[in-house]
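S.K.: I have a structure here, written as structure tokens, and I will follow up with some questions on it.
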Amino acid sequence: MRMNHMEMHHMGMNHTDDNITMPPHQHPTTSASHSHEMMMPMTFYFGFKNVDLLFSSLVINTPGEMAGAFVAVFLLAMFYEGLKIAREGLLRKSQVSIRYNSMPVPGPNGTILMETHKTVGQQMLSFPHLLQTVLHIIQVVISYFLMLIFMTYNGYLCIAVAAGAGTGYFLFSWKKAVVVDITEHCH
């Protein structure tokens, strides 16, 4: 069946090059002065008026609100770093159950040697794995929140993310165990 493209009228779509302006972004408040354009800043700025923080209902308008947001974001970034280290520790603890399996292998001159294999096992439906899964979901959500906060390009909030992550790393990662396998050829 052959279709005539001109008869389809582009399925009723308007394909003109009209200049469309977006309506102002309104937040659900009683104040008429609480509106701003939907355009996001594409450069870093230091301000505290009409700063959206993750949700349209979380708008920063005063220096006090910015200070509170700074502290909250700082603590969230610290918590994120602590969560990463805690997950590593839980993973190490859950993999302590090591089994050794031995099997006989022929040796020189007809002797029999025992070869030992180490097996570290964890079941998919075990409590440690389910806990790691839940903590991973929380970690992913927090990481995206921190990314979106940084993408506001508000200098104060960006500093809060970076300083909180740095402080969290400083506080939680200093006792991070570095395990080096001596049989590994590339260190």
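Backbone N, Cα and C atoms are what each Cβ position is placed from, and that goes for glycine too.
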S.K.: Are M40 and P106 on one side of the membrane in Swiss-Prot?
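M.R.: Going by what Swiss-Prot records, P106 is on the opposite face of the membrane from M40.
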S.K.: Let me know how many other Cβ atoms fall within 10 Å of the Cβ of T111 (phosphothreonine).
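M.R.: Here the count is 7.
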S.K.: Using Cβ atoms and a strict cutoff of less than 8 Å, what residues sit near the transmembrane segment (66-86) while being 6 or more residues removed from its termini?
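M.R.: Contacts with the transmembrane segment (66-86): 48, 51, 53, 60, 135, 138-139, 142-143, 145-146, 149, 156-157, 159-165, 167-169, 171-173, 176.
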